[in-house]
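Following: one structure in structure tokens, then a few remarks.
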Amino acid sequence: FPYQGSSIILESGNVNDYEVVYPRKVTALPKGAVQQKYEDAMQYEFKVNGEPVVLHLEKNKGLFSKDYSEIHYSPDGRRITTHPLVEDHCYYRGHIRNDADSTASISACNGLKGHFKLRGETYLIEPMKISNSEAHAVYKYENVEKEDEAHKMCGVTQNWESYEPIKKASQLIVSTEFQRYMEIVIVVDHSMYTKYKGDSDKIKAWVYEMINTISESYRYLYIDIIVSALEMWSEKDLINVETSAENTLKSFGEWRAKDLIHRISHDNAQLLTATDFDGPTIGLAYVASMCDPKRSVGVVQDHSSVNHLVAITLAHEIAHNLGVHHDEGSCSCGSGYTCIMSPVINSEVIKYFSDCSYIQCREYISKENPPCILNKPLRTDTVSTPVSGNELLEAGKDYD
């Protein structure tokens with residue numbers, strides 16, 4: 001890397017080795033096209049290791065449900081629900097041109113922030129904190145100074161799981177019938193709200209970036225992740241959030257069944273907390289529990305200043321709900337890569353589910369066919385997109 005200087009402080013932490021790049025937008029709008037704040041497709045040029053690259057981005061149009069809502073609480077405890085317009089959002093996925101194996105997950109809200117894979121290597125990109133400058137830092141995760149080197153783990157253990165023999169991937173037939181649609185509610189607890197100093201815009205950006213990242217990983221499992229709502233416990237927690245992940249998970253599941261499910265149509269809920277769970281645990285979820293009112297839930301600790309690492313923990317816990325177990329020795333997601341369902345989160349950027357995860361998810365869906373994820377929800381861009389009549393299914397269907 002032709003890097004400048006030594007260490008730099010970015011949102012993701014202290015970065016020791018980085019390249020300064022100046023992304024140049026090269027998108028040309030078709031004649032007569034209406035200028036959106038964030039176009040459906042964009043391209044940026046910049047250099048990595050001195051080599052020019054073209055980053056092609058397409059808006060993640062399925063990110064929000066048609067009736068997406070945001071909920072917070074007033075000081076006197078009243079619930080305030082808003083339905084913000086999210087069609088013109090700034091979350092994209094894409095690839096590097098002329099690199100068939102490349103992927104990218106980027107937020108373009110204030111500069112470019114996210115990650116991309118180029119020639120098999122994963123890089124992070126984010127704007128540098130220089131006013132009136134287009135400068136961005138490009139770096140590898142290994143160059144972020146680690147806050148602590150302790151192992152971080154999922155709390156799901158073998159007593160939570162029931163292992164069954166796994167078929168080979170080649171024995172499973174895949175067709176478009178396998179496509180599923182998971183509407184998710186993210187709940188941000190009071191400790192997390194306080195951690196971000198009550199800045200709801202910052203919290204929203206943090207959560208949206210995570211969902212944009214995991215939606216890319218879930219495409220491999222033929223599952224669309226759609227955000228139904230973001231609820232912030234702005235005044236106080238609505239359950240007892242404890243350092244015991246197990247107790248917190250149980251309380252959260254009970255609260256979902258008694259409260260959340262009756263006011264928001266969704267299939268799965270995940271609690272994000274700044275509470276430090278006991279031991280090395282950073283997340284916990286029920287296994288094979290999708291669509292169950294009390295058990296289609298997980299709890300995730302906001303354990304890193306690197307958004308991607310928390311996103312992968314979220315992806316991991318949701319996968320448990322979908323009947324996916326921890327990877328064992330022979331599971332693989334490509335040579336040299338750690339996969340999403342590794343029981344330990346180590347210090348590298350993880351992006352892929354293993355062959356074992358794919359098979360377990362497909363088997364769970366084939367056998368159990370959880371009904372709540374069958375329907376294709378109305379997307380935020382439905383109004384402007386011609387669709388056939390049978391796609392306009394009613395979204396409010398969950399637990400009648």
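Note: Cβ is positioned from N, Cα and C throughout, glycine not excepted.
These features come from Swiss-Prot:
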type	residues	note
ACT_SITE	E317	active site
BINDING	E183, D267, C372, N375	Ca(2+) 1 binding site
BINDING	H316, H320, H326	Zn(2+) binding site
BINDING	V387, N390, L392, E394, D400	Ca(2+) 2 binding site
DISULFID	C291-C372	disulfide bond
DISULFID	C331-C356	disulfide bond
DISULFID	C333-C339	disulfide bond
DOMAIN	180-377	domain 'Peptidase M12B'
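Structure coloured by features recorded in Swiss-Prot.
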residue: C291; record: disulfide bond; contacts (Cβ under 8 Å, 6+ apart): D267, P370, P371, C372, I373
residue: H316; record: Zn(2+) binding site; contacts (Cβ under 8 Å, 6+ apart): C154, G283, I340, M341
residue: E317; record: active site; contacts (Cβ under 8 Å, 6+ apart): C154, Q270, G283, L284, A285, G298, V299, V300
residue: H320; record: Zn(2+) binding site; contacts (Cβ under 8 Å, 6+ apart): C154, V156, A285, Y286, V287, A288, S289, G298
residue: C333; record: disulfide bond; contacts (Cβ under 8 Å, 6+ apart): C339, I340, Y352, F353, S354, D355
Seminar exercise, completed: Simplified to three states, DSSP reports C356 (disulfide bond) as helix
For this session: With H, G and I counted as helix, E and B as strand and the rest as coil, say where DSSP puts H320 (Zn(2+) binding site).
Result: helix
Seminar exercise, completed: Residues sitting within 8 A of the centre of the H316, H320, H326 CB atoms (Zn(2+) site), not counting those, run C154, V156, G283, A285, E317, A319, V324, H325, I340, M341, P343
Seminar exercise, completed: argmin Cα dist to H326 (Zn(2+) binding site) over the recorded positions E183, C356, N375 returns C356
For this session: Mind looking up the mean pLDDT for the domain 'Peptidase M12B' (180-377) in the predicted model?
Result: 95
Problem set entry | Inter-residue C-alpha distance, E183 (Ca(2+) 1 binding site) and C331 (disulfide bond) (nearest angstrom) | 28
Problem set entry | DSSP three-state assignment (helix, strand or coil) for E183 (Ca(2+) 1 binding site) | strand
For this session: Within 10 Å of the Cβ of H326 (Zn(2+) binding site), how many other Cβ atoms can you find? Include all protein chains, please.
Result: 23
